[in-house]
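J.: According to Swiss-Prot:
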type    : residues : note
BINDING : 227, 229 : DNA binding site
MOD_RES : 2        : N-acetylalanine
MOD_RES : 22       : N6-acetyllysine
MOD_RES : 33       : N6-acetyllysine
MOD_RES : 137      : N6-acetyllysine
MOD_RES : 142      : phosphoserine
MOD_RES : 248      : phosphoserine
């Protein structure tokens, strides 16, 4: 790109500072739906006891999500998004824009990094559940055939599927793996009642093999390795809908 066009360094001369902010995918998708150069939300920066607090509020007219993964849906996106501020870490990061005539312009130098996270709410929990359900759906779909299948299959003493199923039951201590979405629903339901669980209790609740259950837990939860809740599991911050309590070190 630089070989074909000119490079405008006005931003460097003006020493323009910019923020590099990571936002959730659904938020960027909602911004893209805004008409023209309309307002997408409000950014608030406040000082509390010498500490900078930043948050973004999405406009109400952009909060409605009508599709998830290309499938029709009806859910409201979280509107409140507090920022988690991060240092640049000694790096020199810059932001460029490119015009239709291949002209590059330096817009500014990154002076602050941040992550825009949704506040814990029922809307966010419902959105995450729909996203998990959509991602868990099988890619392969059944198809109706136009012609009658004439291939003859000979009867067998036992089908391969049943053999594999019985083998897995023995290997997993007679616990057969349930559908992933069903296990997720059981886990979310359990964590709505209590914030912390040890693995043994979750195995008793879900009736799932330990290895399989831990694979799913690692997607939505974290294991505490210290403090008064050592060796227990709790939901990751993005899946919680309760106020986090203080942890002991």
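Each residue, glycine too, has its Cβ placed from N, Cα and C.
Are these features on the surface or tucked inside, and what are their neighbours?
T.: DSSP assigns residue 227 (DNA binding site) to coil in the three-state reduction, outside any helix or strand. Taking the Cβ of residue 227 (DNA binding site) as centre and 10 Å as the limit, one finds 11 other Cβ atoms among all the protein chains shown.
DSSP gives residue 22 (N6-acetyllysine) a strand state. Around the Cβ of residue 22 (N6-acetyllysine), the number of neighbouring Cβ atoms within 10 Å comes to 12.
Within 10 Å of the Cβ of residue 33 (N6-acetyllysine) there are 13 other Cβ atoms, across all protein chains.
The Cβ of residue 137 (N6-acetyllysine) lies under 8 Å from no Cβ of any same-chain residue at least six residues away in sequence.
Taking all protein chains in view, 5 other C-beta atoms sit within 10 angstroms of the C-beta of residue 142 (phosphoserine). For the recorded site, residue 142 (phosphoserine), the DSSP three-state label reads coil.
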J.: Give me the Cα-Cα distance between residue 227 (DNA binding site) and residue 142 (phosphoserine), rounded to a whole Å.
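T.: Distance (Cα to Cα, whole Å): 50 Å.
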J.: When the Cα-Cα distance from residue 229 (DNA binding site) is computed for each of the modified residues 22, 33, 142, which gives the smallest value?
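T.: Comparing Cα positions, the closest of these modified residues turns out to be 22.
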J.: What is the separation, in Å, between the Cα atoms of residue 142 (phosphoserine) and residue 22 (N6-acetyllysine)?
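T.: It is 39 Å, counting Cα to Cα.
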